[in-house]
Each structure stands twice: as C-alpha cells, then as structure tokens.
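Residues annotated as domain 'Cytochrome b561' in TrEMBL: 12-219. Taken from TrEMBL, the feature transmembrane segment covers 5-28, 48-69, 81-104, 116-143, 155-175, 198-218.
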Amino acid sequence: MAMRWFYLSVLALSSLGLMCILFTVYWMQSWHGGFAWDGTIFMFNCHPVLMVAGMVVLYSAASLVYRLPQSWLGSKLPWKIAHAALHLLAFILTVLGLVAVFRYHNRANIANLYSLHSWLGITTVFLFACQWFLGFAVFLLPWASMWLRGLLKPVHVFFGASILSLAIASVISGINEKLFFSLKNATKPYSSLPGEAVFANSTGMLVVVFGLLVLYILQASSWKRPEAGAMTERQPLMHERE
C-alpha cells in the first residue's frame, strides 16, 4: 500500500510539473506572441518558461532522486551522479532564462535588477550555484571525510528545500509583476480580472501546489533514503511491488 501511494504521488507530481510548464508556455504564446532568441520581447518570453522548467520542475525532480525506493539499495554513487546531473541541467536552463531577460533589458534600455522579484530571483540563483558546487565538491568527489559529509548534510538538505521555496516565491512575484506591466493602458486593467489574469493566476497556483507537494515528500520520513542500520525496517516497502 505504501509503495502504491508513493508511485501515485510521483505520477500526480509529474503531471502537475508538466502542467506548470505547459501553462507557462501557453500564457506566453497566446497573450504575448510566442518565442524567439533575438533580444526582443519574444526572447523575454523564454524567461518565465525556462525558470519554471529549470528552477521549479527540474530542480524538484533532482531533489527527489533519493526518494525513489530503487535508490535505497546498492551503491549510492549512480544516484549521486543522477542527482548532480539533473541539478546541473536545471542550472543550465536557469542561466539561459537569465540570459533571456538580461539581453532583452539591455537591448530595450531597461534597468536590470531593480525590482523585488529580480532581487529574490538572483539571490535564489546565487544560492543554487553555491549549493551545487558544495554538493559536487563534498558529496560527489571522494576526498571528503564521512565526518565532514555528516556535518554538512543537514545544511545541504536545509538549503535544498529553502532554494525551492525561494524559487516558488520568485515565480509568483514574477507572474504578478508581468501582469502589472502587461495589463494596463490599452488592455483591461489587472483589477478587472481579464482572461490573461485568470490564467496566469491559475498557473501561479499550480506552481504553489506543485512546490508544496514536493516539500511534503522531501519532509516525509517514510520516503527518505534510510540509513544503513535502518534498512531492514524498510525491506517490506522495497519488496511490496514484487
């Protein structure tokens, strides 16, 4: 039963994550003209899609690697590599998302990093970079002692969940900021709740629900990779699917 519930949760989470990306793509395509990589507003439209895909969905997938029961037995190294590789891919998408917004701002003579959204977002990316390099250096490379890894593991876990929370806050503030800029003058005001506002707000709520489910799974003790001494207590869960 526990195994079935776990995989149902993974299926629901995967569906929600895909919906978050597709909703963001549809928002940019339907209300803002689509995508390009040419320094124009269409390049800016790549920014929210890349940030949601990288900093929220793919980052979450990387964080949940150790929650898969298949990772509980055998060597931990392949799962460490998968964890680091998925996070690296998420970071690459995030950097591309930053390139998109900075190139557009510079071409349109718009100031960079002036809003709370931008401050929150760049702080999140900076912490993400530090987190990845610390994890790679301490937990993936073989030089670090078990004492050092044990000391830094709680810090690594704390910042992992904190960065996801900050990423969700950045997405929500970014959605709000985009709506305030786009729904004015010739368009219906944000306060009248036009179709774009309803859709974008709904996308934001999807991101929040997705993030909360990820944080719940990360905190659920029954789904954490057990320590070596506690492995025997989890054996029934490992074999439940057989």
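Note: Cβ is positioned from N, Cα and C throughout, glycine not excepted.
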Range from 5-28, 48-69, 81-104, 116-143, 155-175 with the greatest count of C-beta pairs under 8 A to the transmembrane segment (198-218): 5-28
Rounded mean pLDDT for the residues that make up the domain 'Cytochrome b561' (12-219): 95
